[in-house]
Each structure stands twice: as structure tokens, then as C-alpha cells.
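Some features that Swiss-Prot has for this protein:
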- Cys19-Cys40: disulfide bond (DISULFID)
- Cys22-Cys27: disulfide bond (DISULFID)
- Cys33-Cys58: disulfide bond (DISULFID)
- Cys62-Cys73: disulfide bond (DISULFID)
- Cys74-Cys79: disulfide bond (DISULFID)
- 1-16: signal peptide (SIGNAL)
Amino acid sequence: LTLVVVTIVCLDLGYTLTCLICPEEYCKRIHTCRDGENVCFKGFYEGKQLGKQFRRGCAATCPEGKPNEIVQCCSTDECNH
């Protein structure tokens, strides 16, 4: 019985990544990613007219940045703060 419990705990069945998802600089909104989305990302751009702009979310792979945007990716829960 102990071996069965240890096996289930180690397999971590049904794990789903959670990422922050909001356009603000300081984000607290947590989103559960869909199956296949194994990366959290944060994009940052500072424009002359609109000031600082952020985008955060889940992705299957690290997205490419838009022109003049810096994108950072990670793969642990809520790592895209």
C-alpha cells in the first residue's frame, strides 16, 4: 500500500501549469494553462506614446517578441511576474 501511495505522489497525475495573465506591470491574476501549454511568458515594451506595455500568459512554446519587445519565458507556476 505504501508503494502505491508513493508512486501516485511521484507521478503528479494531471499537473497543469499556472501563469500570471494580465497587461499590467504588477500582476496578480492567475490563469490555469490548457493542456499542451507548458511555458509562462512575459513580454515588455516601452513605447513613446503609450508608455510601458506588458503581456503575460501561457504558451506551448516561448513566443517571439514583437518589434522592440523583450520576451522572457519560464516553466514553473506563476514564474512570469
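Each residue, glycine too, has its Cβ placed from N, Cα and C.
A map of Swiss-Prot features onto the structure.
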residue	record	DSSP class
Cys19	disulfide bond	strand
Cys27	disulfide bond	coil
Cys33	disulfide bond	coil
Cys40	disulfide bond	strand
Cys58	disulfide bond	strand
Cys73	disulfide bond	strand
Cys79	disulfide bond	coil
Report, as a single number, how many Cβ atoms besides its own are within 10 Å of the Cβ of Cys19 (disulfide bond). 27
Sequence order is fine: just name those disulfide-bonded residues in Cys19, Cys27, Cys40 with a Cα within 10 angstroms of Cys33 (disulfide bond). Cys19, Cys40
Do me a favour and check the Cα-Cα span between Cys22 (disulfide bond) and Cys58 (disulfide bond); whole Å is fine. 11
Sequence-distant neighbours of Cys40 (disulfide bond) in its chain (C-beta under 8 A, six or more apart): Leu17, Cys19, Leu20, Cys33, Arg56, Gly57, Cys58, Ala59, Cys73, Cys74, Ser75, Thr76, Glu78, Cys79, Asn80
Here the 10 Å Cβ neighbour count for Cys22 (disulfide bond) comes out at 15
Cβ atoms within 10 Å, counted per site: which of Cys58, Cys74, Cys79 has the most, among these disulfide-bonded residues? Cys58
Within 10 Å of the Cβ of Cys73 (disulfide bond), how many other Cβ atoms can be counted across all chains shown? 15
Measuring Cα to Cα, how far is Cys62 (disulfide bond) from Cys27 (disulfide bond) in Å? 19
Neighbouring CB atoms within 10 angstroms of the CB of Cys62 (disulfide bond), all protein chains considered, total 14
Other CB atoms, at most 10 A from the CB of Cys27 (disulfide bond): 17
